[in-house]
Structure formats: C-alpha cells, structure tokens
Amino acid sequence: MLTSGFTNAPVTKYALLFIVASSIAVSISDTKYLFYIQVVPHLWHYWQWWRVLIWQLCYTNSTEVLQACMVLYNLRVVERLWGSRKLASFFLSTLPYTTLLPPFLLSLLLRPLSLNTINYLPAGPTPMLFALLAQYHATIPTTYKYHISTSSSASPSPSPTLTLRLSDKSTIYFLALQLSLSQFPHSFLPAALGWLIGYAWRAELLPGRFSSPHWRIPRWMYGGGSDTHGTASDRLRRHRRRRQQQQRTSSADQEELQDSEAEAEAERYEGLRRRLEGESRAAAAAVGSRAEGGGSGGDGQGRRPLAGQILDRFRGAF
C-alpha cells in the first residue's frame with residue numbers, strides 16, 4: 001500500500017498521463033472552447049449535443065490539471081487493493097452516468113431553479129475522480145489520526161480553543177475539496193454527482209447489468225491471460241480456493257482409503273468367523289461320535305445272559 005510510484009497501478013498511471021497529455025494538447029491546439037458546456041447557447045441554441053460526450057476528456061486550466069493529478073496519484077492505492085481489471089471495469093461501468101448526468105441535471109433542473117444563473121459546466125473528468133474518491137473513502141482504512149489545537153495541552157487556559165481532528169487521509173480530501181471549488185459553484189456539481197455515483201455503484205443502485213460491482217471487462221480487452229497485476233486479496237482468494245479443493249480431494253481420498261480398509265477388515269473378520277464356526281462344528285461332531293461310541297460299549301458290558309442273571313440273584317440270596 002505504501003509503495004511509491006505506480007507499482008501495480010498501471011490503469012492509474014495511464015489515466016494520469018491521459019489527463020496531462022489531453023490538457024496540453026488542447027492548450028497547444030487552442031481548442032479549449034470545444035470542451036466546456038454552456039447550456040445557452042451551446043445546447044439550446046446551437047444544438048451542440050456532442051459536447052455532452054466529450055466534456056470529460058480534458059481540463060482547460062493548469063490549476064485543475066495539477067489538483068486532479070495529485071488526487072489521482074494518491075488514489076492509486078485503490079487499484080492496488082482491487083486490481084487493475086476491477087478498476088478498469090469500474091471506470092467503464094460508471095462512465096455513462098458521470099458523462100450524461102451532470103449536463104442533463106444542469107440543463108433540466110439546476111438552471112431553471114437558479115433562474116438561469118447557473119449555466120456553465122467546466123470541462124474535465126472531475127466526476128470520475130470523485131466517484132473513485134468515494135471508493136477510497138469506503139475501502140481504505142485510516143492509518144493514524146492527529147489533532148491540531150490553538151492552545152498547548154501543558155498550559156490550559158480558560159479561553160475556548162479550536163481543535164481539528166485530522167488523519168492521514170485528510171490531505172487527499174483537502175486536495176479534492178480544492179478541485180471541487182476551483183470554479184465554484186459550477187465545478188461543485190460534477191464533484192457532488194461523482195461522489196453520489198460512486199456510492200450508488202458500491203451499493204448496487206445503478207441500473208443495468210454492466211453497472212454492477214461484480215461485472216468485469218472481458219479478458220481480451222484487459223490483455224488476455226491472467227491478471228498480472230492482481231491484488232493480494234485476489235491472490236489470497238485464489239489460494240483459498242485451491243486449498244479448499246485440495247482439502248476436498250484429500251478428504252475424499254481419505255474416505256475412500258478408510259472405506260477400503262474397513263472392507264478389508266470386515267473380510268478378515270468374516271473369514272475368521274467362518275473358520276471358527278467350521279472348527280466348532282468339527283469339534284462338536286467329534287465329541288458326539290465319541291459319546292455315541294462310549295454309550296454303546298457300556299450297554300454291551302451291562303448286558304448279560306438270562307441264566308447268568310438268575311445265577312447272580314441266587315448267589316446274592318444264599
């Protein structure tokens with residue numbers, strides 16, 4: 001996050017170069033008058049509606065160019081968090097709203113309400129920058145905070161003091177505020193609309209399938225292949241998916257191994273049971289045969305002739 005320069009932020013780098021190059025080009029060619037919009041006479045009298053499509057292409061003064069470049073440079077951390085593909089998708093999905101809403105609201109609503117006093121829309125991609133600034137405000141956490149007070153804490157005084165609570169993000173907000181007030185009140189309209197469009201995109205309130213935060217530009221537009229500038233969160237998400245797949249695969253293999261071991265163990269126990277049953281039946285048969293043989297021998301010894309039995313009785317009597 002704290003890496004200097006445009007490391008892992010190519011879309012932000014090209015956007016900043018485009019802002020500088022386009023502003024220099026219109027200054028050299030002396031065509032600044034083609035990009036800003038005046039509702040009267042450009043839209044209602046001359047019917048130059050093509051200005052609605054090109055007014056975001058460049059700034060017409062060096063102050064706005066400097067402020068916009070400083071804001072965009074500090075917003076490069078959003079691309080490092082999201083990745084280049086998501087940032088490019090964000091710019092494309094919000095481009096119709098940031099381009100068409102400011103001139104239409106100015107011509108149809110603000111100009112009649114202000115009694116034709118607000119008639120001018122300055123050129124420049126201010127709505128796009130403030131839509132991106134809304135994402136910076138929502139996603140990038142504050143690193144540190146500090147206080148600026150008019151009195152010292154060591155020597156308290158009874159007079160009231162003024163204390164400002166600032167953070168490391170306050171500098172970016174101050175630069176963006178300067179940009180929104182550079183041609184006040186005319187420049188405040190595109191800045192406010194850009195902020196609202198950014199939060200509407202984040203809350204999935206913009207109509208259209210291509211305006212969803214989940215929509216991405218095709219890979220052939222981005223450069224094919226894999227996302228070489230993917231963020232740490234994307235890489236972590238892919239790593240987690242791979243780990244989950246590996247865990248599911250390993251758990252399935254373990255279950256199959258356990259099932260096969262259980263089947264083999266059951267077969268061993270079944271064979272042992274059958275062998276024991278066979279041995280027990282054989283032993284029972286042997287015992288039965290011996291018992292039958294012993295019983296028949298006793299009966300033979302106990303049986304004597306009738307004459308011998310009579311003789312034994314007489315012997316016992318006498």
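Note: Cβ is positioned from N, Cα and C throughout, glycine not excepted.
Taken from TrEMBL, the feature compositional bias 'Basic residues' applies to 236-245. Within the chain carrying the compositional bias 'Basic residues' (236-245), a Cβ under 8 angstroms from the stretch's Cβ atoms is held by none of the residues 6 or more beyond its ends.
The compositional bias 'Acidic residues' annotation in TrEMBL covers 253-264.
Residues or ranges marked as compositional bias 'Basic and acidic residues' in TrEMBL: 265-280. Note on the compositional bias 'Basic and acidic residues' (265-280): DSSP counts are 16 helix, 0 strand, 0 coil.
Among the features that TrEMBL reports, compositional bias 'Low complexity' is placed at 281-290.
Marked as compositional bias 'Gly residues' by TrEMBL: 291-300.
Residues or ranges marked as region 'Disordered' in TrEMBL: 226-318.
Annotated transmembrane segment per TrEMBL: 12-29 (among others), in sequence order.
Residues 11-12, 15, 37, 39, 43-44, 51-53, 55-56, 78-79, 118-119, 121, 125, 127-128, 131-132, 135, 189-190, 193-194, 197-198, 200-201, 206, 210-213, 215-217, 222 of the same chain, all 6+ positions outside the transmembrane segment (87-110), place their C-beta atoms under 8 angstroms from a C-beta of that stretch. According to TrEMBL, the feature transmembrane segment maps to 87-110 (among others).
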